[in-house]
Ligand code: DC
């Protein structure tokens, strides 16, 4: 007797930075044999292109006019996700402090969001077997029909400590400054007009403040498995 392949499942994982979104999403996708999409990396990639092409990131009109120019391609293997801009590997440059400080302004421009949202939907639609998509507006705007929506939260202190840990060794870090920058970026991402960072009404909220990464992964894997079981 043939065993049926597990049905394709679409999982949306949203939340502010430092909640363990990327690590959780990658691990859940790898464990369950799903594809993985980091939508923050796409907004960072378009921001990096704007900076390297001399576009004023404080000028929404200039950003809107240029938004369709870069060719952004995301590789969705959770073991080795990739991001290229016009064929160039952008995985390193998109993590610099300069990009991090400018990405909220660029990603708030409606024309940028329309283009990137279309790209995200086409990647999700062609992901055989299903996909975990992480971001800020996946459950609310990009994939409102996702099979499972998770919204990760954590206290600002825990989030700043995790971000500092990630940055250590790469750039000079200071916990208070990291916390301040993170709160500022979240406020910009939550306060923008077009598809702000928000919890979907039907999302499951998981507060990760007191949880280890393994506990968060286990919690999300269980939720996905329950969804899959309920559909068979
Ligand atoms: O997840 P991240 O920190 O790499 O995301 C970088 C920025 O991209 C974040 O500050 C807001 C923006 N972003 C967004 O507006 N919508 C998404 N779905 C994902 C990220």
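Using the three backbone atoms N, Cα and C, a Cβ is placed for every residue, glycine included.
Unlike curated records, TrEMBL annotations are generated automatically.
Owing to the predicted nature of the structure, the values given are computational and were not obtained by experimental measurement.
Here is what TrEMBL records for this protein:
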DOMAIN    11-225  domain 'Cytidylate kinase'
BINDING   15, 16, 17, 18, 19, 20, 21, 22, 23  ATP binding site
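Mapped onto this structure are the features recorded in TrEMBL.
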residue : record           : Cβ within 10 Å
15      : ATP binding site : 25
17      : ATP binding site : 22
19      : ATP binding site : 24
21      : ATP binding site : 24
23      : ATP binding site : 15
Reported mean pLDDT - the domain 'Cytidylate kinase' (11-225): 94
Binding-site residues whose CB lies under 6 angstroms from ligand 1, from 15, 17, 19, 23: 17
